[in-house]
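Enquirer: Checked Swiss-Prot, it gives:
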BINDING   Gly8, Ile9, Ser10, Gly11, Ser12, Gly13, Lys14, Ser15  ATP binding site
BINDING   Asp57, Ala58, Arg59, Ser60  GTP binding site
Amino acid sequence: MRIILITGISGSGKSVALNALEDAGYYCVDNLPPRFLPQLASYLAEDGQDRLAVAIDARSSASLDEMPAMIRDLSRAHDVRVLFLNASTQSLIQRFSETRRRHPLSGSTSHDADVGLLTSLAEAIERERELVAGLAEFGHQIDTSNLRANVLRAWVKRFIEQKDSGLVLMFESFGFKRGVPLDADFVFDVRTLPNPYYDHELRPLTGLDKPVIDFLDALPVVHEMIHDIEKFLVKWLPHFRDDNRSYLTVAIGCTGGQHRSVFIAETLAARLASSANVIVRHRDAPVEAGESSKLVA
């Protein structure tokens with residue numbers, strides 16, 4: 001059975017990810033107390049289910065301490081993958097304010113004595129970060145601070161389409177003006193390259209459009225940058241694989257995350273597709289009008 005565990009910070013998009021998995025045919029359970037996970041997996045396997053997705057939050061903090069060992073045990077019999085969703089505190093506060101939902105640890109005394117009384121939203125968020133921090137190392141971390149809900153759904157779809165084993169390598173384009181992604185393992189700054197933004201015909205386009213591709217592809221300095229990044233990754237990917245790393249996020253940043261970083265992320269992904277399970281995400285590139293720009297808890 002393939003088991004996908006969705007955890008992380010409340011408000012970072014766990015419900016969006018779980019809904020995407022349900023649409024993909026997974027048996028989904030939200031807010032399952034972690035101690036019941038092995039029994040649920042066994043029951044569903046006996047019942048013929050082959051795909052399970054479970055969202056876990058910090059309300060059962062005592063059980064969270066048991067999760068690392070539980071994940072290792074489950075991995076012996078099942079294909080277990082962990083998605084750890086994160087976001088900046090500022091983004092989370094804004095989302096809870098917009099949706100008028102209460103944080104699970106905010107405003108009341110938890111049944112867990114370790115949590116106690118948390119009166120402010122910011123305090124609850126920081127406490128939750130402490131409670132779930134130990135799970136981050138088991139899965140792929142994704143920063144949803146500037147991520148639209150439709151983009152997260154598409155990313156989850158690509159994630160579950162990856163092969164059962166091997167290193168998952170994600171290339172993430174972004175704009176420095178909106179901050180560096182929290183989930184990045186490596187960050188490459190390509191702002192020194194010529195910027196298509198200053199060509200008025202190219203300005204409204206992205207690095208996925210042929211005119212921008214042709215513009216950047218004609219510049220030797222762009223190919224030098226791509227070659228150097230590729231050479232670095234080709235050298236070090238085997239070491240990460242030998243270290244049992246399952247996920248590696250390579251962030252490519254330009255000023256706005258629209259032209260140069262998008263083109264280079266796509267090019268690197270194509271070149272390294274045979275070396276790892278590759279996923280591409282464009283955090284800040286414009287999307288079609290009308291798509292949702294909000295995530296829910």
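Keep in mind that glycine also has a Cβ here, set from the backbone N, Cα and C atoms.
Walk me through where these features lie, including what they touch and how far apart they are.
Expert: In the three-state DSSP assignment, the secondary structure recorded for Gly13 (ATP binding site) is coil.
Asp57 (GTP binding site) falls outside any helix or strand according to DSSP and counts as coil.
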Enquirer: Which one of these binding-site residues, Lys14, Arg59, has the sparsest Cβ neighbourhood, judged by other Cβ atoms within 10 angstroms?
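Expert: Relative to the other binding-site residues in Lys14, Arg59, Arg59 has the fewest Cβ atoms within 10 Å.
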Enquirer: Which whole-number value in Å describes the distance between the Cα atoms of Asp57 (GTP binding site) and Ser10 (ATP binding site)?
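Expert: Distance between the two Cα atoms comes out at 7 Å.
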